[in-house]
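Here's what TrEMBL has on this protein:
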{"type": "ACT_SITE", "residues": "His426", "note": "active site"}
{"type": "ACT_SITE", "residues": "Asp477", "note": "active site"}
{"type": "ACT_SITE", "residues": "Glu486", "note": "active site"}
{"type": "DOMAIN", "residues": "46-498", "note": "domain 'Glycoside hydrolase family 9'"}
{"type": "SIGNAL", "residues": "1-27", "note": "signal peptide"}
Amino acid sequence: MDSFPSFLTSSTTLVFLLLLLFSPCNAAKHGTFGHHRRPRSASHNYRDALTKSIMFFEGQRSGKLPPNQRISWRKDSGLSDGAAAHVDLVGGYYDAGDNVKFGFPMAFTTTMLSWSVIEFGGLMKGELQNAKQAIRWATDYLLKATAHPDTIYVQVGDATKDHACWERPEDMDTPRTVIKIDKNTPGTEVAAETAAALAAASLVFRKSDPTYSKLLARRAIRVFEFADKHRGAYSIGLRPYVCPYYCDFSGYQDELLWGAAWLHKATRNPTYLSYIQANGNTLGADESDNTFGWDNKHVGARILLSKAFLVQNVQPLHDYKSHADNFICSLIPGTPSSTAQYTPGGLLFKMNDSNMQYVTSTSFLLVTYAKYLTQSLKVVNCGGAIITPKKLRTFAKKQVDYLLGDNPMKMSFMVGYGPRYPLRIHHRGSSLPSVSSHPAKIQCSSGFSIYNSQSPNPNILIGAIVGGPDQNDRFPDQRSDYEQSEPATYINAPLVGSLAYFAHSFGQL
Ligand SMILES: *[C@@H]1O[C@H](CO)[C@@H](O)[C@H](O)[C@H]1NC(C)=O
């Protein structure tokens, strides 16, 4: 908010414009005049949205909160997590509006936050430290969850009992059941995603904390080996615990490819390149599959592996440029192979439940692929239609702008951003009075009178992005509507990267 052109006072704007008159190249590069002419792009404060998108993670924290906790209506919770299995599993994140710690989406969230920092951390300025803190809050936990070889603690909390209550995390009294995978009960999807998260985060901390980075990388290697060697779906072995919440529908092949891709990037060990070459065809999905979210990482792996070819010139991975192109072509409306659905207002629409996660994750892939294409002076050819990096960024920006308020409802889907945003989000802590304002315990079922009321949530979960509008751009803003009104860590994580790009590109696409 400090140095963004639209916030300059009129006298400094004058000086600014005079300076630009004498540096035309600079003006063209940053598109500053265009920015001032276009009220649409000036109407969004991407920096403010970036700050808030990261702050949200503090509201999802489990464990002992630090003195610099900014979302201050949240207090310590889950301080005995892990005790049921005689291990320390304090910390980490609640995935969404409940009080369970689900390892699978937590790991994916960590991977995407890390990828955001790897690609766009250089543009995050004052927010870089906060983004790294958000990652470390997860990796400190994932290190605890993977402390014992050939074992990963993949969940804390009995999801069914938790979901039968509407209570604050600070009050929760449902069983903190500890769920693990091991050689006898493997969970390749969750193990490989955890390896991806650790590997990606090791790159984030490589320069600023080399010791921590090495610890993360070593653990990633061990966890990936376990994932690959003991194959089996946790969605089968642990079905009663993890389904229907984070049951993996896409199989574990996508996580193996994705995990290997991250390990290749983090370790530069040729083993992983050989692994990708040997298994890429069996692990890759059919090319029409363009859904990217906590369950399915096929297209994420394609874009990530395309970087190795495009930017780092890893020739054996040259096929991933066309794999990535096929994903792009399936997405862009009006090209021959386009299959994606959009709402009348222009929002990518994949699913009724938590659709916005596909919007944020897909937009991230578009901005990221545009970066790789720009670096390698390439474009995408969709059956004769040439798609430039600029077109990809314009497309991603339209999705992000819709999310921030340019939509038929004329509202932002990020809590606390803009003049109108969701008031009754499906989130226990946000909807119940805070511990400071109401110190007495609120029992399991007592919370439902508030759940069923029309009153706005008393605690603003700054930066939370909800599931979003339906296929006709409608949003009822009802607390009971978890499909549309629940926030989740994996909705926010990829948006952190896109917002960093748009916040500091000064309207340049
Ligand atoms: C999504 O919602 C629409 C409209 O309510 C409904 O017709 C459709 O069956 C839903 N789709 C799924 C997969 O639930």
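From the backbone N, Cα and C atoms, a Cβ is placed for every residue, glycine too.
All TrEMBL annotations are machine predictions without curation.
Shown on the structure are the features that TrEMBL records.
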residue	record	Cβ within 10 Å
His426	active site	25
Asp477	active site	18
Glu486	active site	21
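Straight-line distance linking the Cα atoms of His426 (active site) and Glu486 (active site), rounded to a whole number, equals 5 Å.
Distance noted between the C-alpha atoms of Glu486 (active site) and Asp477 (active site) is 10 Å.
The average pLDDT computed for the domain 'Glycoside hydrolase family 9' (46-498) is 97. The DSSP secondary structure for His426 (active site) is coil.
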